[in-house]
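Copied over from TrEMBL:
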| type | residues | note |
| --- | --- | --- |
| TRANSMEM | 38-56 | transmembrane segment |
| DOMAIN | 67-175 | domain 'Prepilin type IV endopeptidase peptidase' |
| TRANSMEM | 88-106 | transmembrane segment |
| TRANSMEM | 113-133 | transmembrane segment |
| TRANSMEM | 153-179 | transmembrane segment |
């Protein structure tokens, strides 16, 4: 049963990534190389399969499938253009809220949904403060994305929320060090922060 669920979710994730790729192509400032489309579909299929393996037959599964699909696309756009556009982040936030709301309604987990809303607001506030204290380090796109990943993490609990808060900075630091060792990045250079935030959110179920 679980193997079939994983296979179905992998196919659905790949199809979703393939279709949503077109959303990034609507503007030159967010367009991705055509060759990234199959790579993104494969990555999303793997992530969707992992979400299915973790969640099983659960009301939470559609919400976390959505995280895999939208998160992969936004990470790719940010990695390419250092941009998290409102036209992708806002549907991500709205969709996440609706799907987690449906999950809460199906399972009676209203406390979890409230925790998710508080988690989203708290992480948004943390990132907004960092953006105001150190302009240029954290962008407003990151601030808005924080509300989404905070929503997911808060829904899963305090441990997951802390993992997302701290894990994003750890993953970003490791990515910078790896790129510097590979001589792809110069010292004191920055990289987009969105991919690390999304990666931390995808790891959040490990702390749940």
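Yeah, the Cβs are placed from backbone N, Cα and C, and that goes for glycine too.
Automatic prediction, not curation, is the source of TrEMBL annotations.
Sequence-distant contacts of the transmembrane segment (153-179), counting only residues of its own chain at least 6 positions beyond either end whose CB sits under 8 Å from a CB of the stretch, comprise 60, 100, 112-113, 115-120, 122-123, 126, 185, 189-191, 193, 195-197, 199-201, 203-208. Broken down by DSSP into helix, strand and coil, the domain 'Prepilin type IV endopeptidase peptidase' (67-175) contains 96 helix, 2 strand, 11 coil.
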